[in-house]
Amino acid sequence: MRLLAAAARQPNTPHPLLAALRRLLSTATSSSYYDPTAQFLHPDHRRVLSLPASLRHDALLALARLLKTSPQCHLALHAVSGGSPYSSPLAARFAAASRLSASASALRPFAAILLAALLPAASADLLSWSSSSSSGCARARYAALRLALHAFLAAGMAAEALHVLARVRRSGNTPSLSALAALLRLLFRGGEVRAAWNVFEEMAARGPRPSLAIFNAMLLGFCHRGMLRLASGLLGVMENKFGVVPDACSYNILIKGHCVFGWSGDAFKLFEEMCTSGRDPTVMTYNILVDVLCHEGRMVEARKLFDEMAQVGIKANTITFNVLIDGYAKTGRMDEASTAYKEMIVRGLVPDSCTFNILAAGAYKFGHNAAQLLVHDCGMSGSHISAAERLDVLVCRLCWDGRLDDAWELLHGAIEQGVPVSVAGFNALIAAYSKEGLHEAAFQLYRIMNKLGLAPSTHTFNYLIMGLCHQGRLDEAQLVLEHMVSKGYCLSTSFTIYLDASFREGDAVRALKCWDDMEKIGLQPDFIAFSAYVNGLCRLDYVNEAYQAFFEMTTRGLVPNNITYNSIISAFCRAGNMAEALKLQKQMRQSGLVPDVYTSNILIDGLCREGNLNMVDSLLLDMCSNGLIPDTVTYNTIINAYCSAKDMNGAMNFMNKMFAAGCEPDIFTYNIWMHSLCSNHMLNQAGKVLDELAARGCAPNSVTYNTLMDGICSDVLDRAMILTGRLIKMAFQPNTITLNVFLSHFCKQGFGKRALMWAEKLREDSFVFDDATRNIIDWAQREMENDPQASKEDIDRCLFLEFLMFMTYETMHNSRSSKATHVPTDKGFDPAGSNMMTILDTG
């Protein structure tokens, strides 16, 4: 497998970025990374079980002091941590952990983690030991129950923790607030909302009295599950019934919950309530609100709120700038993203790996050179960035450069050497694998994350879903989505990815079910989800439904951007409802948006389809007066319309305007022009167009050749055969359309027998036939049945044409037998030997 092969590969000359791993190793030995539990755990548990960073210092000091003063401590550590779960009596190991816990309060979490490493294998034994009446006095029994409770919580075993909690209650003791807060978080994470509520009700009835931390845990749990009404009700109960005053964290949780589930209007009402009630907003409050405005495309309001922070004395941090830069980058406003990045540096803030990811994505998507330079600066600057963040930056850079093997090698080396790794680095590589269609490698990396104890984020699953959707594996993507729902992940972006993929696959039923499911689970679509929904309906030509969704989007306060307007305008144009399309363009201007070149091209195409060329001229003038420069697509659309109307002078007039404006025609321009000339039997002029192509270095494609061939075949078939032979020498690759042109003209000119003969020869050569080819063959057979006798003159002419067709067939056969696939390029097209006037005059 590619993932494992990359891990084993050792390059002869490491790239400078890979060499940076050694520097990361030298900076990763800081005491802030040292976990005293790591050396006492089996390697499989070291990443899964660890002390919180806030507790490590006190635990380390207490352990060092105990090792110096108590010889029994060595024996206890050896007893509880050595070997497999059954290498020594479990009761002795439990008792040893209990002695460690009793020796110092700072060692209680440490002892609980040592016991958690024995679980789940020793679960039944631990439950039995903790409740045994022979454990000693009541105080000792409570200590044993408390230790078991914390061990089960550390191991993530909610059912067993509830069982121990019930025994604590029955023994007449009161559990600690820290244990109950941890239990509530664990229950909500597993989706056991009813059980969490029962624990809270029991606290209210029997104690301990819920604290601010408990209420915040409840608020967070309800918001994660989308139960915003319950969370809002609980906020009122806190102060009125329990006398617990909500803090900024309480409001931030609720504001974030409303933003995540699409209720940004209510989020801003909570923000106003927070300010009027005397709770000062924090930088996190502003980060949440700026982020939701950016996601809704309301960048002017986002910047205004960002500037307000400085006015109220709150300093923006790296996250604030990341949110703002991301908003600009996602809307393609890379100049403003670059300006915000520079402002970030001026303020003395250090970019992190997220900053790099945002700028890199924008630079690669929109081809912004300045942004790419900023990405380089971001990746190499910041001596104060932690080892994990610098590792993330290096992994991200390699992924964006397409060097996935090197990125995995760097990440794998960091894991082997003990360098701290984060979810961000894994997410970058998972995203890169998914983008390349390497879904097995992406899921393998996801499994490695889990084994290391790194909890996957919403982005992790989004990248996995995106990879599956790109391959059309929507059923598997749906399973991942259902897993996210069951685990309480933030789902807005996930559903949007799945919704957009369903529309792209043309599966309207699946897409509409996805939209309904969002409502069922209480997820309010945000600006991006609505845009994807409107665009998907437009793509499948559900115009009325798209307009209804568009209207609902605006009534919810979500401001459509140019892309959304262009989608709905294009749908109306395809449906022939130009009045509504033009009305939307006017509405677009009134909402403060400036129609772009794409908008104008869509409207011009719609008017051209209706043949309303006078209004096309008016729209073109309006376009130029608003500072928009017509592009090649604009001119091609108009030229094609004039050609379809048989107005060659009008078409030539716009060709001249195109040249005068400095807009270079492309191969589509020439194909349109050549098709019109051939349709009007102006074959000499068509030949001159092909000569002009050669002079301008624009390589003809199969459409160019087939258009010319069809026109010449309609005129003189034997000249077409000679032309084909010469064109093949100029790197022309005959395709199925070319074959159909020849065979159809054989039939039109009474050579049905020869059409059948050549169809048979080409079938033997495995030439690809389509439905049109089979219809022509049927036509030739009917011609033969109706006229079985051919004149001598026709037979003689057929023999001459057969010789020419044979030469063409040999060239086609040799070309198809060649191992190398030749693609016509400028070098393959020989201007010196391709004068079409000479070819057309032959015969």
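Heads up, the Cβ atoms here are built off N, Cα and C, so glycines get one too.
According to TrEMBL:
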type	residues	note
REPEAT	176-210	repeat 'PPR'
REPEAT	247-281	repeat 'PPR'
REPEAT	282-316	repeat 'PPR'
REPEAT	317-351	repeat 'PPR'
REPEAT	422-456	repeat 'PPR'
REPEAT	457-491	repeat 'PPR'
REPEAT	526-560	repeat 'PPR'
REPEAT	561-595	repeat 'PPR'
REPEAT	596-630	repeat 'PPR'
REPEAT	631-665	repeat 'PPR'
REPEAT	666-700	repeat 'PPR'
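Of the candidate ranges 247-281, 457-491, 596-630, 631-665, 247-281 contributes the most Cβ pairs within a distance under 8 Å of the repeat 'PPR' (526-560). Note on the repeat 'PPR' (596-630): its mean pLDDT in the predicted model is 88.
DSSP assignment over the repeat 'PPR' (631-665) gives 26 helix, 0 strand, 9 coil.
Residues 188-191, 224-225, 260, 423, 426-427, 430-431, 433-435, 437-439, 442-443, 446, 449, 497-498, 500-502, 505, 507, 510, 518, 521, 523 of the same chain lie 6+ residues outside the repeat 'PPR' (457-491) yet bring a C-beta within less than 8 angstroms of a C-beta in it.
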